[in-house]
Amino acid sequence: MSTKPVLQIALPVPLPGCYDYLYSGSPAPAQGTRVQVPFGRRTLVGVVHGQTQSDYPKLKAVSAVLDDAPVFTAELYALCERAARYYHHPLGEVLNYALPALLRQGGDAQPSQEKRWRLTERGTHVSDEQVSRAPRQHQALQVLREHPKGLSSAMLNALDVASPALNALRDKGWAEHFVVENGPGISKEVLAEPPLAANGEQQQAIHAIQDAEGFTPFLLDGVTGSGKTEVYLQAMAPQLAAGKQVLVLVPEIGLTPQTVQRFRQRFAVPVTTLHSGLTDRERLDNWLAARDGKARIIIGTRSAIFTPLANPGLIIVDEAHDSSLKQQDGFRYHARDLATWRAQTLNIPVVLGSATPALETLQLARDQRFHWLKLSRRATEQQRPGIEILDATLAPPNQPLLPLSLQAIKQCVDNGNQALVFINRRGYAPMILCQDCGWQAECKRCDSFLTWHRAENNLRCHHCDSQQRVPSRCPSCGSSAIHEAGSGTEKLTELLEQSLPVPVIRIDRDATRRKGELDSKLKTIRQGDPAVLVGTQMLAKGHHFPKLALVVILDMDAGFLSADFRGPEQAAQLLLQVAGRSGREGQGRVLLQTRHPDHHLLQLAASGDYPALASALLEERRMAALPPFGHLALFRCEAMTLGKAMAFLQELAQQPVADGVNVLGPVPAPMEKRAGRYRAQLLLQASQRAPLHQTLERLLDAARQSPQSRQCRWHVDVDPIDML
DNA sequence: AGCACGCCGACT
DNA sequence: GTCGGCGTGCTC
Ligand SMILES: [Zn+2]
Ligand SMILES: [Zn+2]
């Protein structure tokens with residue numbers, strides 16, 4: 001059997017490894033070039049990985065090479081390879097994920113061309129008399145005279161200039177339809193406005209980042225309102241002046257026009273964004289602009305970490321503790337970690353900014369593997385508001401708000417300010433009960449109870465899409481004594497509306513479902529009239545409310561008491577983030593209602609001493625060999641029965657493991673049934689990454705070969721963010 | 001993941 | 001007799 005030279009192609013299929021294809025042309029396309037290949041009965045767009053020899057008897061040939069040069073920069077390709085290895089995800093799928101949709105589909109890697117009409121040199125000398133017999137051409141001529149830089153066809157149409165007239169002018173050589181050159185916009189001065197005055201700590205941080213040479217990871221640890229953004233802005237200025245690019249990652253919710261505007265206002269360089277709101281075409285254009293160095297500041301969400309960069313100088317990850325940086329399905333990467341890898345490869349600084357750093361990041365700073373830049377002061381204000389703990393067990397029955405809280409809200413709005421009530425629970429009431437037999441409405445497809453949504457008058461499951469009518473009689477005993485218990489945003493809004501003379505604005509997923517609804521509510525809030533805001537997590541992040549003088553937090557308890565080892569950490573982060581909404585201007589007050597006023601961690605968090613809380617949590621993690629002191633990987637599996645899910649994982653658990661790897665489980669997932677499927681998980685724990693990865697590879701092999709895998713949906717999650 | 005092939009139950 | 005259920009196997 002003869003051996004032939006072949007191209008190794010990475011394909012977007014959930015299979016490990018590359019597939020080999022014959023290719024006769026010369027030279028062979030380089031790594032990172034897209035090709036079209038036959039695969040089974042279909043045709044796929046794949047990416048050239050390399051060249052090798054193959055004696056596979058059924059070799060097929062590449063059907064087309066789609067690019068003249070690789071679409072991936074070498075560095076981005078290497079990042080994808082490393083991520084594929086680390087997260088044990090097929091390379092072809094990772095590469096596919098990194099590409100804009102249009103390139104995935106085989107589209108041209110060319111920016112869209114903006115074409116405009118303008119007068120030619122000859123056209124500018126044409127007199128009105130020469131077109132007096134052609135009124136439409138006359139009009140077109142007049143419009144074009146007023147716009148020497150040219151106008152798009154769409155603009156001209158809007159000005160009542162149609163294409164026949166334009167074509168006629170072109171045929172006479174008076175007008176032309178030309179392609180606009182979006183040049184790199186070379187301007188000597190990158191600063192478009194002077195920087196704000198920075199305080200001492202900000203200065204220090206700015207200089208540290210500016211003076212960094214080569215790979216230097218920073219933790220910018222600054223409380224809310226301490227001016228992290230100003231540090232980012234000033235730290236990046238020299239990079240931009242040197243012609244470099246800066247990549248900025250922000251949480252989904254933080255990528256607002258205001259944020260982008262702040263960068264655009266400061267710097268006279270092209271600023272581009274990458275987020276889910278773009279059309280495929282816009283996304284491709286922005287991606288190419290970054291790759292080709294035309295965009296100089298690239299602001300994006302999680303997936304923007306896969307933006308190719310022509311000349312990178314600095315990477316910034318804002319709100320670096322935010323769990324939205326970890327992809328929760330498919331290719332489960334953590335953009336914060338990839339940002340650090342990337343900076344390392346590129347030999348540039350990376351800044352992780354947070355008021356409440358993830359314990360992983362904090363530990364790196366403690367170990368001096370990250371440079372720790374602290375901003376303790378509020379840049380514009382005095383001290384942070386203390387969080388007052390209120391004992392919620394003293395509330396009257398069925399009253400979500402303590403009298404003290406209600407009184408504080410009243411006083412706040414009486415003073416002409418706004419108050420925020422944070423309750424992380426949508427709907428009217430989270431429980432529907434039978435008074436006689438204790439029955440509670442639960443989801444048929446999940447191990448969870450139904451929430452009463454009064455506006456739509458139905459019961460809904462928050463873990464799947466099922467909903468049902470509110471029963472008038474108990475399905476268990478027939479009693480008509482059905483009542484609700486507990487409160488969500490809806491009931492709280494109603495209650496506040498009844499007791500206060502000011503508008504109550506509800507912000508949660510249900511109340512902002514329609515497009516533009518959120519924006520209009522935010523706008524109303526920013527107008528500053530006295531009001532009470534009621535909201536879920538949606539309100540916790542990103543938004544700045546100048547008139548907010550009081551924050552009342554209603555249900556943080558679940559987080560602090562959560563079975564998940566990250567529960568308290570994430571609850572504290574959320575708590576401090578919500579508390580930080582208050583008192584940005586004018587003094588603020590924060591009240592925390594809890595049924596566990598003596599809970600140690602909660603008290604620490606409420607004292608505002610995040611470092612002390614973090615120390616306590618890190619000590620617990622150390623004792624339990626949990627991250628960052630131990631490393632985790634989680635196999636999750638769901639099947640039509642719990643038995644099938646457990647049996648499959650049991651088979652994996654029986655595989656031999658490397659030294660130092662602990663296999664825990666399998667166990668049924670904390671929510672055993674969800675959306676009609678039964679779930680189980682198998683946890684791997686190790687203090688060293690190498691044996692963990694080795695073991696993962698072995699278990700993955702076993703999983704792919706197991707006939708049981710047919711009846712299961714399963715995946716592996718390296719560094720899982722939550723285990724619930 | 002797709003997409004085929006293939007073998008058994010209940011239909012026009 | 002065929003339509004269609006999903007178990008099984010393969011994709012260079
Ligand atoms: Zn009953
Ligand atoms: Zn459900």
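Even glycines carry a Cβ here, placed using N, Cα and C.
Per TrEMBL, the features are as follows:
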- A:Cys434, A:Cys437, A:Cys474, A:Cys477: Zn(2+) 1 binding site (BINDING)
- A:Cys443, A:Cys446, A:Cys461, A:Cys464: Zn(2+) 2 binding site (BINDING)
- A:209-375: domain 'Helicase ATP-binding' (DOMAIN)
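Here the CA atom of A:Cys443 (Zn(2+) 2 binding site) lies 18 Å from the CA atom of A:Cys477 (Zn(2+) 1 binding site).
For A:Cys461 (Zn(2+) 2 binding site), the number of other Cβ atoms no farther than 10 Å from its own Cβ, over all displayed protein chains, is 21. Less than 6 Å separates the Cβ from ligand 1 in the case of A:Cys434, A:Cys437, A:Cys474, A:Cys477, drawn from the binding-site residues A:Cys434, A:Cys437, A:Cys443, A:Cys461, A:Cys474, A:Cys477 in sequence order.
Among the binding-site residues A:Cys437, A:Cys443, A:Cys446, A:Cys474, the residues whose Cβ lies under 6 Å from any atom of ligand 2 are, in sequence order, A:Cys443, A:Cys446. Looking at A:Cys474 (Zn(2+) 1 binding site) and A:Cys461 (Zn(2+) 2 binding site), their Cα atoms lie 18 Å from each other. DSSP assigns A:Cys464 (Zn(2+) 2 binding site) to coil in the three-state reduction, placing it in neither a helix nor a strand. Of all the Cβ atoms in the protein chains shown, 12 others lie within 10 Å of the Cβ of A:Cys437 (Zn(2+) 1 binding site). A distance of 18 Å separates the Cα atom of A:Cys434 (Zn(2+) 1 binding site) from that of A:Cys461 (Zn(2+) 2 binding site). Within the same chain, the residues at least 6 positions away from A:Cys464 (Zn(2+) 2 binding site) whose Cβ sits under 8 Å from its Cβ are A:Cys443, A:Arg445, A:Cys446, A:Arg674, A:Ala675, A:Gly676, listed in sequence order. When the binding-site residues A:Cys443, A:Cys446, A:Cys474, A:Cys477 are compared by the number of other C-beta atoms lying within 10 angstroms of their own C-beta, A:Cys477 comes out lowest.
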